[in-house]
């Protein structure tokens, strides 16, 4: 049974005498740092030299240091820089400056789980992963609410890693909503699978296939765009708010009949078998190896496939149609 923690389970006092060094000031970095500061904790920011985020962080009231110096000053080091650069930054700026008894925090388990970062045995390692983008983490905190989060402990040198993680989660507002216990393995593998098979890879490929099917059958690309991409937001919003039940309650009976009878023919057992292969490719580390090598080679496949989609008919039509929708912020 899932184990969930709330406000009463976390003691913010565990962090009151500590300095939290937040590395990175992007989507999660700015939100987590500001929430921690507003919770009465001492927070500093670590950024690479000449970072464009430096002025923003200073304007938000933080002392900003180069990454290595922030690590030296910190007791809790929260690593919120992109996955693909974490390993290099860890080896260069973090590992040489860690002290015994420090805690390393993450919001995604990729580099720990796949062995790209191997912390020394004399530090705690935990993960607190808010299940929303940074702007929502911040907004909910300011409204006196919070977003759900995940908690995992990879290494418990102090005997208090779980408690420190919960204290951190409370500081950013997650315990207001609930924090679910997990592992670095579970968070990493399910997160990657969701991105590849459903949220990003599965969704974009479904959109492209549907759009191309209609256009190849002679329908206007603009109409195909509305039916296969634009209206997706209406359905996703309903799913987000109330699951399958609310979505099906809100659409027409004709749409629901097509949903429940035709949908399984599109996403059939063959697709599910492919999904199992995708999951296995994540579990055995092959995807991680591919992504690491892709970055070392300056992303030739990443850049080529992205450019291809950016120049597609789907994107050209979408750009024109979105100009007709003043409610959409570009």
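Even glycines carry a Cβ here, placed using N, Cα and C.
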Of the candidates 115, 134, 144, which one does Swiss-Prot list alongside 25, 26, 27, 28, 48, 51, 53, 83, 84, 85, 86 as binding NADP(+)?
134
Cα distance, residue 108 (active site) to residue 252 (substrate binding site), nearest Å?
39
Length of the line joining the Cα atoms of residue 53 (NADP(+) binding site) and residue 195 (Mg(2+) 1 binding site), in Å:
27
DSSP three-state call for residue 53 (NADP(+) binding site): helix, strand or coil?
coil
By CA distance, which of the binding-site residues (25, 27, 48) lies nearest to residue 227 (Mg(2+) 2 binding site)?
27
Just to be sure I understand: of 27, 84, 86, 191, 231, which binding-site residues have a C-alpha no more than 10 angstroms from the C-alpha of residue 108 (active site)?
191
